[in-house]
Amino acid sequence: MKKWFPALLFSLCVSGESSAWNNIVFYSLGDVNSYQGGNVVITQRPQFITSWRPGIATVTWNQCNGPEFADGFWAYYREYIAWVVFPKKVMTQNGYPLFIEVHNKGSWSEENTGDNDSYFFLKGYKWDERAFDAGNLCQKPGEITRLTEKFDDIIFKVALPADLPLGDYSVKIPYTSGMQRHFASYLGARFKIPYNVAKTLPRENEMLFLFKNIGGCRPSAQSLEIKHGDLSINSANNHYAAQTLSVSCDVPANIRFMLLRNTTPTYSHGKKFSVGLGHGWDSIVSVNGVDTGETTMRWYKAGTQNLTIGSRLYGESSKIQPGVLSGSATLLMILP
């Protein structure tokens, strides 16, 4: 005879500190530094140094799903990552771009190098450090703490634009510098603030870069208007018109002149540079007789040279129409 015993199934759900959790807090420093670059000319790359200095930091971002406070009676794990997010380009007070390059990053790891706007330097430490320390594990934005860590300086170079006017410059460069603290309930937890989030963190640090430009190059005009005049639709094709501007340089220099189109052409012209004029017409644009849209000029000493921009009309009979033609391009002056 078989005896049946009732089976009991127990279901247990445990919550609290035994559940997996992660708390991430970012503390922003707010240093204001200045660096004197001295007298420079456009062909030089003046340098400046950013230093990580311990000090008071403010919480500017957090993401927490764990306990706010540790009482010292249970263990948790922590990892820290120092961040510096620095712009690749800034503008002078008179509207000229300065392009920032990395000269020496010390022991920092440079990441996300393909970003168009910012440099990302990271320094991680205290990986999987087990701790019992009592304290706040999820400080809120606006709360403060003191950071005592010290890290290597980062040295940058500045590429000056070829047509930067002479004079004194005081350029403010805002950037992010701070500490990511990550607390977790389990060994091996890893978290890094996403780069797109790091770019939006407040840039509460400021580098004031001071220098004096004592040698540059200047075009005689900031814009040129090339007029073809009133033409018959039957005789406009292949019509040529040009304008010349002079470029003066105070110092020896190699300048690359390159065109960028602002209006899309109607036709494909192979390697020739062209802009669209509307009504089925294009302009094939040349620089000093070269129709690829770029040329290089050399100044072996201070002086003035001429640059001729030419426009040759092109249209196919099946597409051209009468009307007012208009198009544009931007001429860049680029140092090597």
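Yeah, the Cβs are placed from backbone N, Cα and C, and that goes for glycine too.
Fair warning: this is a prediction, and the values are worked out from it, not measured in the lab.
When the candidates Cys64, Cys217 are compared with Swiss-Prot, only one is recorded as disulfide-bonded to Cys138, and it is Cys64. Site annotation (Swiss-Prot): D-galactose is bound by Gly124, Tyr125, Lys126, Trp127, and the candidate from Glu79, Glu101, Glu143, Glu149 recorded at this site is Glu79. Note: Gly124 (D-galactose binding site) has non-local neighbours Glu79, Tyr80, Ile81, Ala82, Ser109, i.e. same-chain residues 6+ apart with C-beta under 8 A of its own C-beta. Taking the Cα of Cys249 (disulfide bond) as the reference point, the closest of the recorded positions Cys64, Tyr125, Lys126, Trp127, Cys138 is Tyr125. When the disulfide-bonded residues Cys64, Cys138, Cys217, Cys249 are compared by the number of other CB atoms within 10 angstroms of each CB, Cys64 has the fewest.
According to its DSSP assignment, Cys138 (disulfide bond) is coil.
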